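Here the structure comes first, spelled out in structure tokens, and everything after it is commentary.
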Amino acid sequence: MNIENIRRLLEFDTPTVGNGVELMGIRDPATGYTGPDVRALMPEMGVRVGVAVTARMDTTSAGTDDPPSLFKDWLRLMRDAAKGGMPVFALIQAVGPRPRCTVSLGDGMAMLMRLAGAVGFLTDGGMRDLEGVREVGLACWAAGLSPMHGRLRWLDLNTTVIIDGMTVRPGDIIHADVNGSVVIPREVVDQACDKAIEVRKKEQGLFARWRAPGFTLDEY
């Protein structure tokens with residue numbers, strides 16, 4: 001997995017990258033992306049690309065106990081993944097009785113995640129401290145915002161997660177922008193940029209033709 005190819009993916013929007021992955025024919029085109037239930041909460045930050053470091057968390061189960069935290073271990077996984085300048089995308093699958101209300105990120109966690117190499121955060125649950133997280137520079141995709149959470153119950157780290165129907169393995173690449181996110185299997189990430197270029201060239205040609213003076217639907 002070439003880091004330069006990953007950086008080149010920043011040149012494209014997420015739909016273009018998704019179309020490029022579809023051209024490879026490696027998966028059912030109805031899979032591999034998030035839907036409208038997960039949205040960009042900081043769309044002004046633009047495109048983010050990074051290697052997935054995953055976790056699963058429950059913050060809505062009742063209880064006043066003090067469950068063990070895996071946050072430091074998660075940060076170490078991010079730091080290891082970020083070696084050599086690799087950007088990291090942190091993912092948390094929300095579980096529990098009210099998964100969409102699972103708040104798994106705030107400004108304090110975001111500061112440390114940025115120090116560990118994270119450029120983006122993706123969850124099918126919620127987050128809080130929006131302005132503080134924005135100041136840190138961690139772009140976020142989530143179901144929405146919530147001001148509070150119950151006990152943070154870390155279930156596991158570095159396992160396959162499902163975010164809004166999108167299956168992601170640790171080490172896969174996440175590409176996300178205002179449109180949502182797609183997963184690029186780690187085995188084909190070096191080809192993804194070439195396919196995105198192919199998609200963009202085809203679309204540019206089509207759009208130029210459709211915008212040409214005199215073009216009619218009869219020529220479509």
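Glycine is no exception: its Cβ is also placed from the backbone N, Cα and C atoms.
As the structure is a computational prediction, the values presented were derived from the model and not from experiment.
Taken from TrEMBL, the feature substrate binding site covers Gly106, Asp107, Gly108, Met109, Arg128. For Gly108 (substrate binding site), the same-chain residues 6+ apart in sequence whose C-beta sits under 8 angstroms from its C-beta are Asp129.
The Mg(2+) binding site annotation in TrEMBL covers Asp129.
Gly106 (substrate binding site) counts 15 other C-beta atoms within 10 Å of its own C-beta, drawing on all protein chains shown. Cβ neighbour count for Asp107 (substrate binding site) (all protein chains, 10 Å cutoff from its Cβ): 17. When secondary structure is read from DSSP and collapsed to three states, Arg128 (substrate binding site) falls in the coil class.
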